[in-house]
Amino acid sequence: MDSLSEKKNIDLFKGMIVYAIGNFGTKILSFLIVPLYTYYITTEDMGTYDLLITTVNLLAPIVTLQISDAAYSWIMREKDVEDICIKSTFQILIFNTIVSSLIIIGVNQIYNIPYCMEFILVLASSNALAIAQKILRGIKKQKLFAASGIIYTFIFLSLNVIQICIFDLGVKGLFISAIAANILALVIIMILEKKLRTCLIDTIDLKLIKKMLAFSTPLIANQLSWWVINSSDRYIITFFLGKAANGIFSIACKFPTILQMILNLFNTAWQDISIVDNDVEQGTYYSEIFKQLYKISFMILLPLVPITKIAIELIVENSYKSAASYISFLYLGTIFQAFSSFYGVGYLKSKNTKQASLTSIYGAVVNAVVNLALIKFIGLQAAAISTFLGFFVMWLIREKQNRKELGISIDRAHFAKVFIPILIFCIISCFTGLYIDVILAILGMVIFIIINIKYAKILLEYFFQVTKRKS
């Protein structure tokens, strides 16, 4: 490996460490509190909560107009407008939050929205925290960004235990925990970062706001399409199978969050180094990186799928245990979601965000069509399969479109040799019982370690190099 590739790998690993700390709060807690949910909240109540949170995720890009992406881009490229950019971002957020809240209150007068005020507060507070954290990344305050994630985790997790286990508040306790965690984390950020404390001072710069909105609004379609693939299943499930079924599926979706978090950390760090990489030999390096990515991602499923099924059997309440049947395809969907993000950097390098949105729309259409076509016949498995196929199609299109921009060459025979056996394994795993899963978990772990032991050694070397630099 040449010195340039070595440096890129170290920078990539260093970025993953930074983002791992910062993203801890938003990802890993959803896995840690799964047993708590299943023992204290009914499947129907869990389905209601999940549907409302899914709706929050749907409305977020519409309410914010994806202005955080514009703020991040402006701050990174034009330091001279940093202060006014931050102020303009929060002015847009406050105005849109007031308008959207009034609309939701009006809709509630016609159609009764469960937990309406809690819903509004979660939407407003989560949007504000997400934008503040994105700005922290832009102004290079990674330590505060990381700390805000840890603070959010601690508050949310602690309040969940208190509100659900001690006060028995159920779904309302979940909302209160989320609202309090968002607000307190945001307040601490405001106290510690002066640039965010003064974000409401000064006049409105309409010219800058128009430029930022012109940049950010095309990204709404892309974000909504990703939402369709990830979350629209909840509405289809609720309509055809009921809230209890949606509650079960929502628990199944929480288990892949650990793998999703790791892959997202990789892709976030990957974007940081690849967007500014103009090396003429980048294609060779990118091809090797993707080859290792898909090998490790597919092979980790050998132990991960049966281990997850065993965990569900041991720690989840009986009414939720059927969630184990849907794990395999949800994991595959998570992997191809990461592959799509990996290739998505090509659109950022070429500034062709319109094409990125189109590929996301194609994936969303596939997801919806497959789900609607199969849900009456195979139930919740249709939602899991459609999620996988939606991201699979998106990746296929992005791989073809970005082949020239990124210069990535895939050995298709090798890819098929790795992917097809894993796909067959995942299909079989949908029907295996506890004892077979235990055997598969042991065999899968042994195979994974043997195949990937050299990569573990390399990662340890990078870790020691990064920590040595910091010291």
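Each residue, glycine too, has its Cβ placed from N, Cα and C.
Here is what TrEMBL records for this protein:
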- 12-39: transmembrane segment (TRANSMEM)
- 51-72: transmembrane segment (TRANSMEM)
- 112-132: transmembrane segment (TRANSMEM)
- 144-167: transmembrane segment (TRANSMEM)
- 173-192: transmembrane segment (TRANSMEM)
- 212-229: transmembrane segment (TRANSMEM)
- 293-312: transmembrane segment (TRANSMEM)
- 324-344: transmembrane segment (TRANSMEM)
- 356-374: transmembrane segment (TRANSMEM)
- 380-397: transmembrane segment (TRANSMEM)
- 418-436: transmembrane segment (TRANSMEM)
- 442-464: transmembrane segment (TRANSMEM)
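Remote same-chain residues near the transmembrane segment (293-312) are listed as 255, 259, 263, 266, 320-321, 323-324, 327-328, 331-332, 335, 338-339, 342, 415, 418-419, 422, 425-426, 429, 432, 434, 436-438, 440-441, 443-445, 447-448, 451-452, 455 (criterion: CB distance under 8 Å, separation of at least six residues from the stretch ends).
Sequence-distant residue pairs (6 or more apart) of the transmembrane segment (380-397) and the transmembrane segment (51-72) include fewer than 3 whose Cβ atoms are under 8 Å, leaving the two stretches without contact. The stretch from 112-132, 173-192, 418-436 with the most CB pairs below 8 A to the transmembrane segment (324-344) is 418-436.
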